[in-house]
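See below for the structure under consideration.
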Amino acid sequence: MVELQDKVAVVTGASSGIGASIAETLANQGVKVVLTGRDESRLAEVAKRIQDNKQAVVETSIVDVTHKEEVTELVEKTKEKFGQIDILVNSAGLMLSSAITEGDVEAWEAMIDVNIKGTLYTINAVLPSMLNQSSGHIINIASISGFEVTKKSTLYSASKAAVHSITQGLEKELAKTGVRVTSISPGMVDTPLSGDTDWGARKKLDPKDIAEAAIYALQQPSHVNVNEVTVRPV
């Protein structure tokens with residue numbers, strides 16, 4: 001089991017839901033956490049909640065992952081502050097209900113910008129330093145929707161399928177470098193992103209369930225890469 005104490009993590013989409021829960025769980029393990037998102041007040045609330053419960057090292061940074069220059073600045077400032085980045089969690093995401101036949105191009109572009117480009121921008125920013133230190137772990141939050149498409153989820157599903165493919169390809173590119181990469185594909189999770197979406201008789205997952213999956217992947221021995229995790233409600 002890998003010890004996470006004093007490692008440095010950047011978590012995108014950390015103002016609520018899965019990102020906030022992963023950040024809090026990492027802090028519980030002694031990880032120094034940089035919370036990023038677009039909502040300053042909600043980020044501050046998450047940071048306060050973490051700091052109230054433990055002696056945690058928590059920083060916040062207002063970042064829009066669709067802006068490459070903001071992502072680059074985030075990574076550089078984090079390295080200046082803490083020396084390195086050991087963990088990147090790509091949790092920033094956007095889910096809009098939009099069928100192709102509706103022709104809502106703005107919704108499509110928004111999901112592509114956040115879910116695909118945002119993921120690529122953060123990976124691109126942290127990867128050189130991770131390769132230089134021969135260690136690091138990138139966790140990308142994908143979705144069951146990347147495999148199971150409904151008539152209203154075509155573009156969202158496509159964007160999350162892309163996240164899955166990016167992770168699978170990156171794992172092959174990073175073989176023997178010491179840098180690991182994991183995609184976590186949750187089923188329906190009780191977060192602001194899912195809203196009032198009907199999931200039938202199944203109970204929604206708690207964001208903590210996804211956080212525990214992330215910790216499991218991170219704590220594996222350095223020669224083990226948990227490349228893909230699927231988490232479904234019972």
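Using N, Cα and C of the backbone, Cβ positions are placed for all residues, glycine too.
Feature annotations, reproduced from Swiss-Prot:
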- 10-34: NADP(+) binding site (BINDING)
- SER143: substrate binding site (BINDING)
- TYR156: active site, proton acceptor (ACT_SITE)
**Study point:** Proximal but sequence-remote residues of the same chain as LEU26 (NADP(+) binding site) (Cβ under 8 Å, at least 6 apart)
**Key:** LEU4, ALA9, VAL11, VAL33, ILE87, VAL89, ALA214, ILE215
**Study point:** Cβ neighbours within the same chain of ILE22 (NADP(+) binding site) - under 8 Å, at least six residues apart
**Key:** VAL11, ALA14, VAL89, SER91, ILE139, PRO207, ILE210, ALA211, ALA214
Revision key, fill the gap. CB contacts under 8 angstroms to VAL34 (NADP(+) binding site), restricted to the same chain and 6+ apart in sequence, sorted by sequence, are VAL8, ALA9, VAL10, VAL11, VAL58, GLU59, THR60, SER61, LEU74, THR78
Study note, to complete from the structure: DSSP output for TYR156 (active site, proton acceptor) maps to helix
Practice item. Looking only at C-alpha atoms, tell me how far the residue listed as 'substrate binding site' is from the residue listed as 'active site, proton acceptor', rounded to the nearest Å. Key: 9
Point to revise | the residue listed as 'active site, proton acceptor' to GLY30 (NADP(+) binding site) - Cα separation in whole Å | key: 34
Revision key, fill the gap. Counting Cβ atoms within 10 Å of each Cβ, the densest environment among the binding-site residues VAL10, ALA14, ILE18 belongs to ALA14
